[in-house]
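First the structure, in the form of structure tokens, and then the observations on it.
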Amino acid sequence: MPRPISASVSVSALAHNLAAVRRHLDQTAAAASGLPPSIWAVIKANAYGHGIEQAVAGFSKAQGLAMLDLDEAVRCREAGWGGPILLLEGFFNPSDLDIVDRYHLSTTVHNREQLDMLARARLSRRVDIMLKLNSGMNRLGFSPAAYAAAHERAMLLQQQGTVGSVGKMTHFACADGPQGVNEQLGVFNSVTHKLPGAISVCNSAATLRFAEIAVASEAQAHWVRPGICLYGASPFADAEAASFGLKPAMSLRSEIIAVQELKAGDSVGYGAIFRAERSMRIGIVACGYADGYPRHAATGTPVVVAGIRTQLVGRVSMDMLIVDLGPIPAAGVGTPVSLWGEDGPSVDEVAEAAGTIGYELLCALAPRVPVARDV
Ligand SMILES: *Cc1c(COP(=O)(O)O)cnc(C)c1O
């Protein structure tokens with residue numbers, strides 16, 4: 001018997017979340033009398049831990065898929081995805097362009113070196129590009145001062161038959177917080193508004209809160225790039241995924257593998273950081289940080305045992321964590337435990353208790369945890 005820990009990924013929850021985002025965009029577009037944007041479903045980092053093949057199945061109705069790794073792009077093609085694929089960081093060396101060409105990938109172009117590589121490439125067909133502007137986040141993209149010249153070079157490559165369509169893209173630093181997107185959007189608009197091409201600016205937070213900026217009012221096509229919300233987690237610290245009609249797509253479950261009875265004053269686990277104030281029953285759960293559960297989750301982090309919410313106590317160790325069985329007196333060895341997901345706390349609640357975000361927990365699911373695919 002394997003250890004009793006497993007994750008399940010619901011393809012129908014992925015499809016449900018995509019449909020919820022689609023509906024939100026359509027409603028926003030209808031209210032603004034504009035054209036609804038297309039969706040690039042972001043499936044980087046093994047589809048935020050959910051698996052590329054599951055994502056290809058769950059997001060079959062997306063207009064495109066976006067990711068970073070060439071290997072993941074190839075897996076999408078092998079899984080039967082025939083639609084657009086966008087590489088969010090572009091390519092890294094000239095030989096990557098052979099794969100871009102062979103698998104008909106679209107690519108972000110964010111620096112001069114990538115334009116140089118394109119200029120030297122011999123491709124069998126044109127490659128569609130999204131030219132990225134650094135509108136203030138200062139990670140990737142041409143500076144506002146350099147953008148027009150980069151765009152001109154891209155148009156020249158288009159005339160020469162190397163490049164197909166040239167779109168315009170940027171990424172927001174604060175779409176999930178009070179600062180919002182106005183400053184960066186202002187920079188983006190002022191730099192790009194006279195240039196032709198499709199636009200892509202919205203991650204999940206911007207798609208959920210500022211969908212109106214992705215609604216095309218003119219002839220330019222808009223593409224949104226939601227990631228986290230499609231997996232049923234929230235991009236916001238102050239709003240739950242469920243409030244947007246999203247369903248968790250990954251559930252992490254295990255079982256109680258031992259029970260201990262503590263007397264007042266007894267401690268549990270490494271560092272003895274939790275001490276029982278009175279006698280209590282605790283359950284040892286087969287799930288630890290080597291499974292991807294955050295070690296920084298503190299006493300009080302919600303855990304669901306046999307459908308009843310209780311709390312983690314003491315320090316999370318490599319292979320185990322400890323829960324208070326006070327509210328579940330009938331629990332014993334073999335009782336099911338839900339760490340996050342459909343029948344557990346939300347991954348965002350667990351993340352918050354560990355001082356991080358749901359993204360990190362989903363992406364960090366360890367390879368040793370078997371993943372079952374649900375429909
Ligand atoms: C990861 C990523 C996204 C998706 O971000 P979420 O916050 O998960 O929606 C969108 N665009 C780019 C460029 C990204 O790297």
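Any Cβ shown, glycine's included, is placed from N, Cα and C.
Listed features, source TrEMBL:
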type: ACT_SITE; residues: Lys44; note: active site, proton acceptor
type: MOD_RES; residues: Lys44; note: N6-(pyridoxal phosphate)lysine
type: BINDING; residues: Arg139, Met318; note: substrate binding site
type: DOMAIN; residues: 249-374; note: domain 'Alanine racemase C-terminal'
type: ACT_SITE; residues: Tyr270; note: active site, proton acceptor
Among Lys44, Arg139 [recorded positions], residue with fewest other Cβ within 10 Å: Arg139
Per-state residue totals over the domain 'Alanine racemase C-terminal' (249-374) - DSSP helix, strand, coil: 19 helix, 45 strand, 62 coil
Taken over the domain 'Alanine racemase C-terminal' (249-374), the model's mean pLDDT: 97
Pairwise Cα distance for Lys44 (active site, proton acceptor)/Arg139 (substrate binding site) [Å, integer]: 17
Local backbone state of Arg139 (substrate binding site), from DSSP in three classes: coil
Cβ atoms near Met318 (substrate binding site) (within 10 Å, other residues, all chains): 12
